[in-house]
């Protein structure tokens, strides 16, 4: 970096020394430039280049000069400020290879930001620039290095092609060996001599003499080029003219330059501001126009933003706060309303269609919850690049200009964000792969067991006859015990049914199974004769038939059957594990008030955590809140269905169940408000909320819902397990796809909203 700066300064002031009289003549006769400019090389606006260069020179002279001239002391201050007054020893432990790819950045501000990254907290950033000022070791060496600096963008001009090939390796090796070859005193004295010469010619411009670095005949060799070079002498030759003093009073040359920093130009902006085409190769003469602008930007630090300035210039979050409140309120309202509408599905709970629907909804919830955790919540909790991008972008644009924000900020942020997105998608791929493996292995095992069972044939006619007799005996036994069972249930277990609403009549077969589980625990031996036919009358008849003849294993068979019945009861009546597992008798004894309190507290705490996640997500941005809201909605629907089933079995009416669920949903609004306040007013707390929410989502998805998907009771209803398998895969992949689309187009959603 110091090598470039040395070349820029030497070339600028050396060229200004070689032809001062011609510049005075050009200033006295401005019509000369107008006549020659049409003959200038196509693609370059000479007038604009001259005026822009004049502006930057006046900025430098106003900053360091007095009476329209630059003294030795002022020039020394300029060199010290940009960090090339002498060689300084610093210890920075980082890889220097990044200096060899300047063309990758293609703009001054990114390289300048990287060079000054370690000095943002103090004002001694000259040391860092001096790390690269080893190019100032000799005068002859400086002459060839100015076009070499621009070899990245030109590469076609013969004057520039000399140093193009060796630019990067020599630049890197020169930094390593400079301490052995050049002493600090030599470079300091050389720069001081250059300062003395340049300043002397500026002050005594009436009697110019050529500098040591350039020949005398430069001014007479190419008149068109020389006429177009309005360098420092144009400013110095007008000491008595008001053309210099008037701009100093204007808004461009006010003393408030530091308060209103200049725009940070990249390579394209520098060329266009000087009237040069982006595709036009630069030679040394044309590059001379750019030198004052480059030096002015380095000196004014237009491309640096200090930490204190960032915090001071960040605009208030009024816009994002409004979006957070509106979006969070709408999201919570939609989720609560649609979840309450799930009560219309309660009458369908005993139908096969409901099993398919619930299986798909659970799989969709798994996909959205895990997708939101891996693709959105965890990436945002690990890195705050999106958070800083959304809030710091106005300040960055004020400081650096819209072109820089579009070219650098967008590309870097998108590449970093997509990297975390693909890693999260890889984690989801591992999760889905293990789900497929476990599910497919289970299906294969069940298929083999079914095949072995079908292959078992009766060996002789005696076995067939025995089975027929056992079947007759079973039917007679069930008929005889039916009366006793009716009397017992009338006196005991069904006494509470007379007090229930009529809408529970359709659920009595399911309740009988619950009661039989309780009976089996209390009296395993006494009620065995009535327990078997009643429980196995419809669903477990074949299992009982296969083992009933084995009189030696009756007790063992009883325990096996009890396990199967209890497992079937759990799967049949609690398709989603959010709902509490209570028998009907327990629900009745508990009372409506106690159960309502349990639902409000248990389900309300869950809704509060969901609202907290939604509120914090909307403070991050609209797309963040959208993805979290979709994930919450997809797992709230089956969750609310389970809660409705529990409340209705407790004896509540539909209106009461809706009311208590609505009360628990109110806690979601409280959680949303808490999340918005924390995310907006607390520093970086929303990142911790995202991490906590990701853990909650993954627990609900992987611990609660995935086991329900793996252990479904499709075969008990005569349904194909493969049909369930494909339906569950469709739900999971749909959830993954929704979260992936939101994650990929998240930055575009924010961009459109901002405009």
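Each residue, glycine too, has its Cβ placed from N, Cα and C.
Swiss-Prot annotations:
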- 29-325: topological domain 'Extracellular' (TOPO_DOM)
- 129-144: compositional bias 'Basic residues' (COMPBIAS)
- 326-346: transmembrane segment (TRANSMEM)
- 356-376: transmembrane segment (TRANSMEM)
- 377-423: topological domain 'Extracellular' (TOPO_DOM)
- 424-444: transmembrane segment (TRANSMEM)
- 464-480: coiled coil (COILED)
- 471: phosphoserine (MOD_RES)
- 478: phosphoserine (MOD_RES)
- 658-678: transmembrane segment (TRANSMEM)
- 679-686: topological domain 'Extracellular' (TOPO_DOM)
- 687-707: transmembrane segment (TRANSMEM)
- 725-745: transmembrane segment (TRANSMEM)
- 746-755: topological domain 'Extracellular' (TOPO_DOM)
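Each of 326-346, 356-376, 424-444, 687-707 was scored by its Cβ pairs under 8 Å to the transmembrane segment (725-745), and the highest score goes to 356-376. Highlighted: of the candidate stretches 326-346, 356-376, 424-444, 687-707, 326-346 has the greatest count of Cβ pairs under 8 Å to the transmembrane segment (658-678). Scored by C-beta pairs under 8 angstroms, the transmembrane segment (687-707) has its highest count with 356-376, from the stretches 326-346, 356-376, 424-444. According to DSSP, the secondary structure content of the topological domain 'Extracellular' (679-686) in residues is 5 helix, 0 strand, 3 coil.
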